[in-house]
Amino acid sequence: MKQILKNRLLIFIGLFAIYGIIQILLSTNILNDYYEINIVLMGINIILAVSLNLINGFTGQFSLGHAGFMSIGAYTSAIITYKLGLSFPLALLVGGISAGIAGILIGIPSLRLKGDYLAITTLGFGEIIRVIFLNTEYVGGASGLSGIPKYTNWTWVFWMAVITVVLIRNFINSSYGRCCVAIREDETAAESMGINTTFYKTLAFTIGAFFAGIGGALYAHNFYIIQPETFNFMKSFDILTMVVLGGLGSITGSILSAIFLTFVYAVLQDYAALRMVIYSLLLIIVMLFRPEGLMGTREFSLKKLFKKGDESSEFTVN
Amino acid sequence: MKTFIEQLINGLSLGSIYALIALGYTMVYGIMKLINFAHGDIYMVGAFTGFFASTYLHLGFVPSLLLAMLVSLILGVTIERVAYRPLRDKSKISILITAIGVSLLLENGGIILLSPQVRTYPQIFKQHMYSFFNGIITISNQQIVIFVVSIIMMVGLQLIIYKTKIGKAMRAVSTDPDAAKLMGVNVDRTVSFTFAIGSALAAVAGVLVGIYYNSIDPLMGIMPGLKAFIAAVLGGIGIIPGAMVGGLLMGVIEALVSGYGSSLYRDGVSFAILIIILLIKPTGLFGKNVREKV
């Protein structure tokens, strides 16, 4: 117990240190606006990747509609701040909740399907959401909403990312999370053990959608402008690449690959096609040679790195 | 009435193209239980080969078509060999992710190699309208070419599947791969052959689209690919006549939606069809229910 508390304290101090250092670098302008945008994008991508990993990696339900949930969060939050003039925290919350509600509505019918059918259905829902925004004049149709106030900054993104990771990690380590992992391992067996598979699948889907909505809200308030095209299924594939590269079922893997791929994105910003070629080759090569992703289902921990103490007491699945 | 018939004919032409692509999806799914996401991009490669063959090599319609089929066929078989075969007994998700990867690779590789600009297809057939019944039915010669070529391809496919030995092997593998293997069917070769036929049909669709719409670009395969997949699901995936009917239906529905509603809703409607069919009758119009066994 003492050991756990000590670890928690260390992690907390570490987080504050990372936050503080980057905040100082940003406020003294050692890291200029270009870096700020990409650092913020890293945080948003971490939120998106970790939340998709909950659905795809831990619950084993292959969703390709994450960009759709993200767009719901982005648009709803933009309406709240830009159209209604309300506060940003409220916009984040409502953005997340509306994406979560969409997650329930989409999840209940489509989670009856499995594997590739589920993938293509969620992709379809994502596209339908995009077409709806495209045809809604209130949110600007194809030209989108522009002039959204910039509220997203390092502080918001960093702490939202921390909250996302902590909540999802705690969810996975709870009995609910174990049910989700059981469903991933064998749905029929899980069902015969008395797990209400529909409930847990929808629950994971909704939580994932909620955080995707928050990610979308942060995204909208970082770039001034959102368009339906930004959230097409290519965006879902982007997020999927992060999850697959990091390892389906590894939160730290998702975080590391979100940081790495955002870095690749920043470097190759002017060469979009080349970037996608690299992404696609990464997908193929990872699947051919290491189908479980770079981290597999393992988690990265400092304790293991320094070989201190016994095996981590954290819950891992092999 | 006149617009209705016009849209119907437009829809049937578009539908024949969807049907040709959907056949590839449905055959590959029937044999490997894999959604070959890259199929739409093979269709794009076919369209570009046809474009280069007729623009730079000055080949006629039939030679360009055959060349496009050959190039796509080689591409399809290579993709299967390199990317899908090593994963055949791994989890379904990993092979699906690989398929997405191959699709993204072909699209963006195409943008790098061919530039993202839209190209104008050469007018192989000068447009010519024929009208019947005092102009109630008007049909262009390009549409006639589409119908004739599609019908030839579909009849040919039926003959291959039901009259040849390799066709029998395909049917055997799609019913039960393990039993087929035990009976001495070379599964690897059969799968390669399936990819070859499917890719060649996609190339035909690509060339026909080039002739019909006059413009091609490296990302042209995404939407028709998804819609052809929807067509395959609509007809019952794995069932060949289902893919044909599904493709025609999708084309007609889409033409009617753009003709009477808004073309902006067209893509949304296609996906709505997919979701409705998956929720009401996931096995498709022609499918039978299969019970899941443990």
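Cβ coordinates come from backbone N, Cα and C, glycine included.
Long-range neighbours of the transmembrane segment (B:12-30) within the same chain, counting only residues 6 or more positions beyond its ends whose Cβ lies under 8 Å from a Cβ of the stretch, are 36, 39-40, 42-43, 142-143, 146-147, 150, 153-154, 157, 170, 174, 194-195, 197-199, 201-202, 204-205, 208-209, 212, 224-225, 227-229, 231-232, 235, 237-240, 242-252, 254-255. The transmembrane segment feature in TrEMBL is assigned to B:12-30 (among others).
Positions annotated as transmembrane segment by TrEMBL: B:65-83 (among others).
For B:95-115 (among others), the entry in TrEMBL reads transmembrane segment.
The transmembrane segment annotation in TrEMBL covers B:135-161 (among others).
According to TrEMBL, the transmembrane segment annotation covers B:191-213 (among others). Sequence-remote contacts of a segment are chain residues at least 6 beyond its ends whose Cβ falls under 8 Å from one of its Cβ atoms, and for the transmembrane segment (B:191-213) they are 13-14, 16-18, 20-21, 23-25, 27-28, 31-32, 36, 39-40, 42-51, 64-65, 68-73, 75-77, 79-81, 85, 121, 124-125, 142-143, 145-146, 149-150, 153, 157, 160, 166, 169-170, 173, 220-221, 224.
Under the heading transmembrane segment, TrEMBL lists B:228-257 (among others).
The feature transmembrane segment is assigned by TrEMBL to B:269-287 (among others).
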For the transmembrane segment (B:135-161), distant same-chain residues with Cβ under 8 A (at least six beyond the ends): 1-2, 5-6, 9-10, 12-13, 16-17, 19-20, 23, 61, 65, 125-129, 167, 170-171, 197, 201, 204, 208, 211-212, 240, 244
